Amino acid sequence: MANILKTIIENDKGEIRRLEKMADKVFKYEDQMAALTDDQLKAKTVEFKERYQNGESLDSLLYEAFAVVREGAKRVLGLFPYKVQVMGGIVLHHGDVPEMRTGEGKTLTATMPVYLNALSGKGVHVVTVNEYLSERDATEMGELYSWLGLSVGINLATKSPMEKKEAYECDITYSTNSEIGFDYLRDNMVVRAENMVQRPLNYALVDEVDSILIDEARTPLIVSGANAVETSQLYHMADHYVKSLNKDDYIIDVQSKTIGLSDSGIDRAESYFKLENLYDIENVALTHFIDNALRANYIMLLDIDYVVSEEQEILIVDQFTGRTMEGRRYSDGLHQAIEAKEGVPIQDETKTSASITYQNLFRMYKKLSGMTGTGKTEEEEFREIYNIRVIPIPTNRPVQRIDHSDLLYASIESKFKAVVEDVKARYQKGQPVLVGTVAVETSDYISKKLVAAGVPHEVLNAKNHYREAQIIMNAGQRGAVTIATNMAGRGTDIKLGEGVRELGGLCVIGTERHESRRIDNQLRGRSGRQGDPGESQFYLSLEDDLMKRFGSERLKGIFERLNMSEEAIESRMLTRQVEAAQKRVEGNNYDTRKQVLQYDDVMREQREIIYAQRYDVITADRDLAPEIQSMIKRTIERVVDGHARAKQDEKLEAILNFAKYNLLPEDSITMEDLSGLSDKAIKEELFQRALKVYDSQVSKLRDEEAVKEFQKVLILRVVDNKWTDHIDALDQLRNAVGLRGYAQNNPVVEYQAEGFRMFNDMIGSIEFDVTRLMMKAQIHEQERPQAERHISTTATRNIAAHQASMPEDLDLSQIGRNELCPCGSGKKFKNCHGKRK
């Protein structure tokens, strides 16, 4: 182990020496660039672009380009990048992560690789964790880029598709990670190529890269469509039942945060819902509601996992930042179960139309890099998942912060009492204090204690993060006391006020250890920026989550023997033990993310195939007849082959029924037409007849553009519907194969094999539906459209299934508004023939 660590340290030192030499080459151009006039310096951008177009690589342009940015930054921003910032910029250009401490100027560091890569004209995405940082950085650094002749765009959620497209067309685009993901998904749901907003993903530079690529790696971005099933009553019933349970009726696994019914709980469920057997196959839906109600009531905690807004909505709290995640909902019905628990209106359950995780989104970029102050602890994951190295960059000035050993108390109460006393003492001498908490309720609790102690303070948590930057900027002033959930205000520097250095700088107090060392290091890093003095101190108790999960029983005995209910244990050994526990949790979390990626890679491969074919359809300026006719041919072959082993009479009857109801006019084919033919001859006979029907259908459109539009809309409508259903099916499969793991089967291998089979089935189903709709659609004879704008509407309107006509003798007054329409459209009656005129 010691040898491995030695090798890693030596490698890092060698890398630093190499970067220093490269930075020196940039510095050699300093005088040359300083001698240029403003116009001459700006003209360098055009020169670099031409040299790149003529075959010169970005690597060879690096030294001059970085020197141009340094000089430009000095003239425009009044900032001159240090050597360590140039080194960080080189690492970013190479597609790696420079680990740069808080306050080392990561934003300015990014300007050099962003400028260099923007010269290619293929687009650079600067990715931030929230829109405030996107707008701030785009405004501040955009001044420099614009001065140097590059265009800068900001992609915000509120922008229209046209505005988004303009932002993505710029040389440099600032955006949040979620908006890039949603735009990618939406681009793959449009019907026309001109409605796509993104260009191919080229180079991403991700700010706070660990937060996005590690903490949020498993977060799926989901574009949903409302599900028509009205299930709010079942949510309320399940919630009412679960609230009636005793502690013996359910079993919670604290480590894995899972919950299930005990035997007595099952008995109570069968009695409550009047069932013979809760786990009969017909009760599968009900057990799903009960499982969610259990999780909502006994696992998900108010003010820790979620908050209830003033608008009576459930808002998820990000466990790493403490911010509420606007617009984000728990999937699979859990969010509705929480709504039932809290007695707020239950919103419609949604169906996933498209989804992608950040892991797979960012792996699609040709080059990916990012910045963080705390990436080394996750180096293995960056390397294994993203093929990125983490290179620690030296600080411009030595770190002067004093990190005290952890203080461990027997109870939460005695811990918080000590925290309040410490804060009060520091406040009285004028030293600013930042108190970091892991949950909203902890912030509120400490706030009440400080009010009682007469200590004025600011609270920054998920409930008021819109004031984040303002509060954080003032946190370094004399006498300032700020309480913040761990990651709040990240990206905004805390600058020390007048006279604060002499008082010891900013003191950071952690109220418990996070399960990730990196988050603790980020909290510590708020103090001691740019060589400032500072302190950090963590207060722990045996009742903290991390301590309860890993070995607090032995320490509890020590406290009891020494009768130390109010006193603290302080030792380096304790700090090392806590870090060992954190390493175990980090290892577990990494293994989980790695497994999620194995599952998601199945979806990724399938998504890429579907999206590539979809893109081919929407960008095709050609007649898609060859593609559709191939689908018809394969559909015929599947049907005939599928009945190959049946008795001759049964086989012919099945094939005839298929042909009548899906392929040809009903009265145009009889049993005599097929009898006596081999399977091969039947396939050929049906295909030739189908081609005549196809030609007849297309001839009704009488316009080449209308034909193309009809073909596109037909294929895309079927593909999108089937893909949406397939995503749901894969989600259900994933849950199911998890159970198969108990039968000694590898669930990932099972998922891959079953997922591949399901994908092939979906392709067959797509081709079948395209065939049926193409052959059976009622296409009305129409004149040539007068203007192109009419084409889409008429072509879309003409896709009406042959069966979608209403029986003449039906009494419509007897049909419920939420029942399926009898015309066969698949819509609810109220949305079809029951629409109020």
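Just so you know, glycine gets a Cβ as well, placed from its N, Cα and C.
Binding of ATP is annotated in Swiss-Prot for GLN85, GLY103, GLU104, GLY105, LYS106, THR107; the matching candidate from ASP493, ASP520, ASP544, ASP545 at the same site is ASP493. What surrounds the ATP site, by Cβ distance within 8 Å of the Cβ centroid and not counting GLN85, GLY103, GLU104, GLY105, LYS106, THR107, ASP493, is the set MET100, THR102, LEU108, THR109 from the same chain. A count of other CB atoms within 10 A of each Cβ picks out GLN85 as the most crowded of the binding-site residues GLN85, THR107. For the binding-site residues listed here (GLU104, ASP493), the lowest count of other CB atoms within 10 A around the CB belongs to ASP493. Long-range Cβ proximity for GLY105 (ATP binding site), meaning a same-chain Cβ under 8 A and a gap of 6 or more residues, is found for LEU79, PRO81, TYR82, GLN85.
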